[in-house]
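Only one structure is covered here, and it is reproduced in the block below.
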């Protein structure tokens, strides 16, 4: 980065969610509670998946990965947002802003790919149970997890490198609670058409590709359960596991598709900010609840882990 002359912007000001004093305190408490819930809930799942031999299966290995992601994901944006509620507008340096943008997109896109991997895992478990151990071997599971993280990293790297090439010389107020691509592009001086194209051309497949795989996996699973499985009892168990996974997919994907797939030019920044809150603060806190409440194995392991601690 060149030495900032009179016009070059070296830091940005995050305007956050609201300027209304009373609301700031209310938001601070609400999001602090969500963040703590996210850390404790996901932390418990990671600990459990590692320490409980019964949970050493591909499904829980991916769930552990998802919980890890959620901890980092909300940590990338929520703490900065919380300080904003306490101390008003938050200055953030150009470098820190790029780092935040990178981690937000790295972890978010990794989660998108990981959710598709989990859907594939459920598909094999339900539709090909006899070949499950062969298809989802520990080696395959590890490869799929590494592929998810790598895809997210490369995708985010592309955005951070492209954004770092832009020059910012005028306004430095970001109408958001973290450094996201669209609010930053709005502040850039030069042409951002290449960045906008990248956002449309690359982000759409990263969001829609896994989403399509998930939908297909579940169409297969549901038709399999209805046509091939005769007893109500045998239908219910795979169905309840899949229902919790689908709930998480819906919570994560609907806002993401809403925010990042074209036409993005017509969307209002205010609505983008509200939608971002859902997947950066709310969903990571709900994921462990959805899984533990619906899943007997996780509940049993949780009791055992807590019992050991106490």
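Yeah, the Cβs are placed from backbone N, Cα and C, and that goes for glycine too.
It should be emphasised that the depicted structure is a prediction, and the values quoted were computed from it without experimental measurement.
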Between the ranges 184-205, 206-227, TrEMBL assigns transmembrane segment to 206-227
Which listed span TrEMBL calls transmembrane segment, if the choices are 102-120, 159-177 | 102-120
Out of 26-50, 132-158, 206-227, 273-293, which stretch touches the transmembrane segment (102-120) the most, going by CB pairs under 8 Å?
-> 132-158
Long-range neighbours of the transmembrane segment (62-82), counting only residues six or more past its ends (CB under 8 A) = 14, 16-17, 28, 31-32, 34-35, 38-39, 41-43, 45-46, 49-50, 90, 92, 100, 103-104, 107-108, 110-111, 114-115, 117-118, 121, 141, 144-145, 148, 177-178, 248, 280-281, 283-285, 287-288, 291
